[in-house]
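These notes concern the structure reproduced below.
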Amino acid sequence: MASIQAAITGVAGYVPDYILTNEELSRMVDTTDEWIMTRIGIKGRHILKGEGLGTSDMAIVALRELLRKTHTAPEEVELLICATVTPDMQFPATANVLADKAGILNGFGFDMAAGCSSFLFALETGAKFVESGKYKKVVVVGADKMSSITDYQDRSTCPIFGDGAAAVMLEPDTDGYGVIDAKLMVDGSGRKHLHQVAGGSCYPATMETVAKRQHYIYQEGQPVFKAAVSHMADTAVEIMERNGLTGESIDWLVPHQANVRIIEAVGKRMGLPPEKVMVNIERYGNTTSATLPLCLWDYEKRLKRGDRLILATFGAGFTWGAIYLKWAYDGDKVA
Ligand code: UT7
């Protein structure tokens, strides 16, 4: 019997309407459009505005669209994994909130947090449930409201992040399409360079933690940059080599969108021309768990059945990894 692989059979995304431009940011902190474009490559980022709105309010739009596109009734979904570092609340999981909003009543769900690698880790996890043969409809969501933990007084982090959500459907395939190989890694010693000090069990919210602005992203850019380039490139190249792939045989690199210079360096190490590298950071910034599925969503119409994709990421933790998958459908035929 042919082995079961987990194929992506649909993708949908959502970004909120409001666009925070570099021009507006330069009135909030000491920065310029020129610095942000040359050092990071971001022009604008979408921000979710509105009292009481959270990650699930973006994710539900993407999820409903995904169910429509894949002709899936909510009751058919057996597992929903929500990759996020900005859950609606500490508990219950945002997956539960989403399941309720979407009417997913016959399955289970949970959140997965692995910094900017959350979606890739969740994709591999979801794939395993499908490969086991037990589950036929698994949804993997990547969603973050990064504006909720971004300090708009800190010029070294506030230009980077944006809000967004996207989701993919995973279904069994026995014709060789879907997730073929993955390598996922953590190195917890990197956590000192990128974290949020307060709001967890070590430092629950107090007047002092708020006054010290400890509920925001803390990042030392340089060491994170260096680790991101080397780990993403090394892992993607390892995945290429052990699957007999070359720059020619790969159709697309789907890289985490943290910095256009990181993306270019990884593409170069893999021997890929720029036109094979998905890039949308200019419009969205770093949406953390949403970057990879938002790329798939933006490029869906150009994807063909049989295309060879490498997804690669790096994030807080440190966490990183790469997945090799064969695309399962012609994106231009999707209504
Ligand atoms: O997704 C999770 C993983 N995260 C990442 O992959 C992020 C990795 N890191 C980076 O992308 C980059 O390190 C940053 C974009 C965060 C920073 O870029 P950089 O080229 O590493 O800049 P830097 O931190 O070395 O700062 C260079 C200069 C400094 O000034 P001095 O000390 O040279 O006078 C900063 O104070 O740029 C200054 N600077 C800014 N200037 C204008 C820092 N932020 C800004 C700003 N506008 N927004």
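Each residue, glycine too, has its Cβ placed from N, Cα and C.
All TrEMBL annotations are machine predictions without curation.
The DSSP breakdown of the domain 'Beta-ketoacyl-[acyl-carrier-protein] synthase III N-terminal' (110-188) into helical (H, G, I), extended (E, B) and coil residues amounts to 18 helix, 34 strand, 27 coil. Look at TrEMBL and you will find 110-188 tagged as domain 'Beta-ketoacyl-[acyl-carrier-protein] synthase III N-terminal'.
Feature annotation from TrEMBL assigns active site to CYS116 (among others). Around the Cβ of CYS116 (active site), the same chain contributes HIS256, ALA258, ASN286, THR288, SER289, THR291, THR313, PHE314, GLY315, ALA316, THR319, each under 8 angstroms and 6 or more positions distant in sequence.
According to TrEMBL, the domain 'Beta-ketoacyl-[acyl-carrier-protein] synthase III C-terminal' annotation covers 240-327. Per-residue confidence over the domain 'Beta-ketoacyl-[acyl-carrier-protein] synthase III C-terminal' (240-327) averages 98 (mean pLDDT, predicted model).
Positions annotated as active site by TrEMBL: HIS256 (among others). Cβ-based neighbour count (10 Å, all protein chains) for HIS256 (active site) stands at 30.
Per TrEMBL, the feature region 'ACP-binding' maps to 257-261. DSSP assignment over the region 'ACP-binding' (257-261) gives 2 helix, 0 strand, 3 coil.
Residues or ranges marked as active site in TrEMBL: ASN286 (among others). DSSP assigns ASN286 (active site) to a strand.
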Tertiary contacts of the region 'ACP-binding' (257-261) (same chain, 6+ residues out, Cβ under 8 Å):
39-42, 116, 160, 225, 228, 279-282, 284-287, 291, 294-295, 314-315
